Amino acid sequence: MSNIHEHKILILDFGSQYTQLIARRIREIGVYCELWAWDVTEAQIREFAPNGIVLAGGPESVTEDNSPRAPEYVFDAGVPVLGICYGMQTMSEQLGGKVIQGVGEREFGYAQVEVLTDSALLRHIEDGISDAGKPVLDVWMSHGDKVSAIPEGFVAVAKTETCPFAVMANEDKKFYGVQFHPEVTHTRQGKRMLEHFVMDICGCDNKWQPASIIEDAVERIKAQVGDDEVILGLSGGVDSSVTAMLLHRAIGERLTCVFVDNGLLRLNEAKQVLEMFGDHFGLNIVHVDAENRFLEALKGENDPEAKRKIIGRVFVEIFDEEASKCVNAKWLAQGTIYPDVIESAGSATGKAHVIKSHHNVGGLPDDMELGLVEPLRELFKDEVRKIGLELGLPYDMLYRHPFPGPGLGVRVLGEVKKEYCDLLRRADAIFIEELHRADLYNKVSQAFTVFLPVRSVGVMGDGRKYDWVVSLRAVETIDFMTAHWAHLPYDFLGRVSNRIINEVDGISRVVYDISGKPPATIEWE
């Protein structure tokens with residue numbers, strides 16, 4: 001078996017919103033990489049032994065005292081270094097160059113970079129030719145400060161009209177700096193530049209592939225758990241589903257999946273999960289029908305945060321009860337993925353700044369005394385999906401729109417009742433079915449229906465009816481940090497509204513949410 005971690009890149013994070021994107025692009029190239037905070041120690045870098053180092057961007061100014069710096073060892077480690085935006089500026093400053101604050105000459109957005117001289121980083125890459133006959137690149141800039149003098153041993157490789165050192169290089173030491181962001185799609189040839197750095201300059205092979213990742217994960221699970229039994233909370237979501245499939249491949253019958261039906265799932269979702277994992281794939285599943293228990297606990301509660309906590313608490317209680325029945329289980333599996341690890345500062349270095357605590361299963365009791373198995377903890381979400389496909393999970397399940405952990409508990413506004421959930425399930429199923437039929441489902445990033453606890457007068461035949469209101473919500477987004485409401489065709493919305501009102505007895509009005517994020521959030525609660 002080839003060692004998928006043999007070749008690896010270290011990315012040092014200075015706080016840019018794009019840093020995780022760099023890691024994802026390098027992984028897409030087929031090379032393993034890890035993301036660490038900028039204040040990592042020399043010993044930690046030596047232990048990781050990267051083939052190359054990327055200094056990522058950041059929001060601060062190199063010209064200010066106490067702004068972050070790369071560890072000096074980065075430039076003494078004997079491996080290639082690529083500085084991106086702030087990373088280029090701190091590289092320049094630390095190696096004897098000069099950085100000045102941009103006054104009235106900030107570059108944000110598209111820019112054209114003219115290549116001045118040959119470099120291993122940009123070789124054979126161009127988007128056009130300048131009037132002077134030089135290669136031109138279309139890139140994405142986002143900087144105020146700029147390098148005004150490059151360090152000794154470096155040459156200016158490319159420039160823009162306002163930035164004389166858009167790319168700099170020391171080919172002997174294999175140090176490179178780019179003022180733009182090659183990791184974003186707006187830089188048209190950005191992925192090729194990263195390929196040049198990772199494959200050609202750092203000498204990495206593309207060993208990081210779905211089939212190899214699965215093989216490695218299976219072997220690691222076997223080595224970790226030995227002959228022991230493992231339990232897993234299976235929700236039917238992407239992460240827990242792929243975790244279940246990896247564990248099943250590794251240890252077979254020694255995996256017990258606990259599927260808790262909280263009564264807050266989508267239409268027929270529990271049935272589909274049980275049929276797919278139990279009947280089709282042959283996993284050992286304990287099915288707990290806990291709808292009444294969850295609804296009883298939620299009775300009378302209107303506050304969204306309180307509802308989330310109740311749902312999490314009841315899940316933990318039930319899971320704990322079921323886990324205690326698995327007397328031979330020594331391990332608890334979780335679908336923790338790499339962004340969770342980064343956010344929780346749970347990486348091997350312990351150096352990432354804590355953003356939020358992450359509890360994949362809602363914070364399981366400390367006294368469970370089970371070891372933790374997290375086979376996805378090195379993977380980004382897009383990698384988890386690719387592995388799921390390789391393991392035989394259906395595309396539609398892996399690429400389904402996001403669904404909140406508390407489920408319909410936060411899509412029924414206010415108090416959660418069975419009647420409301422049943423109406424919402426049917427209305428939402430119609431909306432999603434019509435999106436698929438109109439080939440719109442994959443053109444929006446997320447779509448769902450919200451139940452509003454208000455009644456509205458309607459007319460049905462010769463009579464009046466006084467029934468509930470639902471809102472349709474569809475958004476377009478790249479990262480879910482910001483989002484635009486989706487401009488779905490009027491005739492499509494009309495068709496969905498007519499179907500819901502005619503087919504779901506109890507709903508008299510359908511509205512469409514046209515709020516962006518910000519100021520609104522994507523979910524209503």
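Glycine too: its Cβ is placed from the backbone N, Cα and C atoms.
Pulled from Swiss-Prot:
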ACT_SITE  Cys85  active site, nucleophile
ACT_SITE  His181  active site
ACT_SITE  Glu183  active site
BINDING   Ser235, Gly236, Gly237, Val238, Asp239, Ser240, Ser241  ATP binding site
DOMAIN    8-207  domain 'Glutamine amidotransferase type-1'
DOMAIN    208-400  domain 'GMPS ATP-PPase'
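Feature map: Swiss-Prot annotations on the structure.
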residue	record	DSSP class
Cys85	active site, nucleophile	coil
His181	active site	coil
Ser235	ATP binding site	coil
Ser240	ATP binding site	helix
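Other than Ser235, Gly236, Gly237, Val238, Asp239, Ser240, Ser241, the residues of this chain whose Cβ falls within 8 Å of the Cβ centroid of the ATP site are, in sequence order, Leu234, Val242, Thr243, Ala244, Gly335. Across the domain 'Glutamine amidotransferase type-1' (8-207), the model assigns an average pLDDT of 92. If you draw a 10 Å sphere around the CB of Val238 (ATP binding site), it holds 22 other CB atoms from the protein chains shown. Once Cβ contacts within 10 Å are tallied over all protein chains shown, the binding-site residues Gly236, Gly237 are led by Gly236.
Residue density at Ser235 (ATP binding site): 24 other Cβ atoms are found within 10 A of its Cβ, drawing on all protein chains shown. Nearest in space to His181 (active site), taking C-alpha to C-alpha distance over the binding-site residues Gly236, Asp239, Ser240, Ser241, is Asp239. Put plainly, the binding-site residues Ser240, Ser241 were compared by Cβ crowding within 10 Å, and the winner is Ser241. Of all Cβ atoms in the shown protein chains, 27 besides its own fall within 10 Å of the Cβ of Glu183 (active site). Cβ-based neighbour count (10 Å, all protein chains) for Asp239 (ATP binding site) stands at 20. Long-range Cβ proximity for Cys85 (active site, nucleophile), meaning a same-chain Cβ under 8 A and a gap of 6 or more residues, is found for Ser16, Ala56, Gly57, Gly58, Ser142, His143, Val178, Gln179, Phe180, His181. Its Cβ taken as reference, His181 (active site) is surrounded by 23 other Cβ atoms within 10 Å in the chains shown. Rounded to a whole number, the C-alpha distance linking Gly237 (ATP binding site) with Glu183 (active site) is 28 angstrom.
The distance from the Cα of Ser241 (ATP binding site) to the Cα of Glu183 (active site) comes to 29 Å.
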